């Protein structure tokens, strides 16, 4: 097992649980709950997630290969069930949640894992295939063989999976989840050696599709992003303005852990998607940079594991998971600093959400499973 990677995961999880307590107790008190309510739940899920991570890391990751089809099928089923058929929980105009056996979760979290697993399992066999050769053909057949040589027909099944899953998610609607799944799938495809030109063409096409499928509230978010103060009095720009106030009030060293003021019903969702501003306020610029530095170390170590993985499947699996983590961290920080429109992306290991935390830690367990089979000479 890769100890540096494990230590970074444990550190980020522990710090995240502490920050959830600091950010959530005003909300808990306002809701008439115990001040430690969110902390206790997050700590419990964190402990369970770390335990799951350990057991998953003990599993030979080759077993994840044959699980990939089942997980992908389950992802489709859950994404369909979460649509307005009585199986969803409506939140801020979006139907993104399901509740099974008393546990609430977002099917998109399962879909991310499903796409990465399936793509990694299928594309890991790609190296044994011989590249197509262009031979002299009749004029009407030439385009067909050019497309075949460029890998177009090889890409079609993967593109169909991504498009269908994104379409289901946009019906919820869940723009942020769709973006993350597209990025994760593209990362695995790129690492597998798919022709670079298809990423440019496919990325442009998917961007147009996402824009065309945007709902009214998503269009409003873009207008708010461009000029949040113009929407402050109407409420749409309130959250991002308060986020910027929270970040700025921390200064260099912060006001101290637990001593932040903006979380007292000024900043909406301080324990969820907007927990990073609370970190900035209480720990300051220095503390926030330390957190981001830990994330950077974790991401770099993850790619190190991918480079030194025993086989292609382990490498692609790790690339998909670690890219998903990296993009999620970047997008969350970009949202709360108003670099991009608000998209509802949580900060891994920090944002409140028990099932999301457990799934993230399970994904880390998969990477640790890959690291267990790195040849001893490459460890270090």
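Residue positions begin at 1 at the first shown residue.
Including glycine, each Cβ sits where the backbone N, Cα and C put it.
As given in TrEMBL:
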{"type": "TRANSMEM", "residues": "38-57", "note": "transmembrane segment"}
{"type": "TRANSMEM", "residues": "69-87", "note": "transmembrane segment"}
{"type": "TRANSMEM", "residues": "99-121", "note": "transmembrane segment"}
{"type": "TRANSMEM", "residues": "142-168", "note": "transmembrane segment"}
{"type": "TRANSMEM", "residues": "174-191", "note": "transmembrane segment"}
{"type": "TRANSMEM", "residues": "198-217", "note": "transmembrane segment"}
{"type": "TRANSMEM", "residues": "274-300", "note": "transmembrane segment"}
{"type": "TRANSMEM", "residues": "312-337", "note": "transmembrane segment"}
{"type": "TRANSMEM", "residues": "349-370", "note": "transmembrane segment"}
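Between the transmembrane segment (312-337) and the stretches 38-57, 99-121, 174-191, 274-300, 349-370, Cβ pairs under 8 Å are most numerous for 174-191. Here the transmembrane segment (99-121) has long-range neighbours at 64-69, 71-72, 74-75, 78-79, 81-82, 89, 158, 161-162, 165, 169, 174, 177, 180-181, 184-185, 188-189, 192, 313, 316-317, 320-321, 324, 355-356, 359, 362-363, meaning same-chain residues at least 6 beyond its ends whose C-beta is under 8 angstroms from one of its own. If one looks beyond the transmembrane segment (38-57) by at least 6 residues along the same chain, the residues whose Cβ comes under 8 Å of a Cβ in the stretch are 1, 9-10, 13-14, 16-17, 20-21, 24-25, 27-28, 271, 352, 354-355, 357-358, 360-362, 364-366, 368-369, 371-372.
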